[in-house]
């Protein structure tokens, strides 16, 4: 019997709705991955609601929780770490300490860093030093980084002028250490208004993917968290990087179709669960 992969997911949690682990854990489980959720923050709801309550996990709690997993002899069974929203740079450094410990216990373990930053339209709040930490420290340890365009712009210190420029910016981030960059959402002058575009960039090649852009009165939150989680999960399940990239795009599109059909603001993960596991659509990644 094939072994089920285990993944430590270190990111935010909301009690109501879907963001961070609340967006990614169930879909990752649904496609066949054992997920160990470690919540960096616990908020009542995501921050696009403009008001929320909750608290940030103290940085020292992260290694303490990983110590607990090690104490029961399970740390070597961790096949990957996924990190997302950080409450502080100190929290990020605690995560990197945990990643190093897991990679020591299992040298084949992977680390995907989803470099969540502030978004002026979505009300996502991160501490100012988090951006520097992600670029200067996390990138060197990550196997994969999955920025959106806003985050890629922040890393590059500029906005792109073309798709080719986006590719150059992703390659510059790749040079800092990761073996692959997934740009979850491209935005550049001349991009088709009715399309949602993504990039996969490795040292050997690059791929561009386009799917239809669905309209919503208010854009759902958690789409990027879902994308990163599904991509990493499919890699753990044996997909090559391009297949995992294509699967993540298709499964996320299925969730958005269901969310749109229901007129929902929050992602309809439960209603779309069978389509997450077995997407009916397919989007081809085109090699550039």
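Every residue, even glycine, has its Cβ placed from backbone N, Cα and C.
Matching 114, 240, 274 to the ATP binding residues that Swiss-Prot gives (151, 184, 211, 212, 213, 214) identifies 114. Substrate binds 47, 48, 225 as Swiss-Prot records it, and from the list 12, 88, 264 the residue named for this site is 12. Taking 114, 211, 213 as the binding-site residues under consideration, the smallest Cα distance to residue 225 (substrate binding site) is found for 114. Take the Cα of residue 212 (ATP binding site) and measure to each of the binding-site residues 12, 47, 48: the nearest one is 48. Separating the Cα atoms of residue 151 (ATP binding site) and residue 12 (substrate binding site) is a whole-number distance of 18 Å.
With 114, 151, 184, 211, 212, 213, 214 listed as the residues that bind ATP, the site has a largest C-alpha separation of 23 Å.
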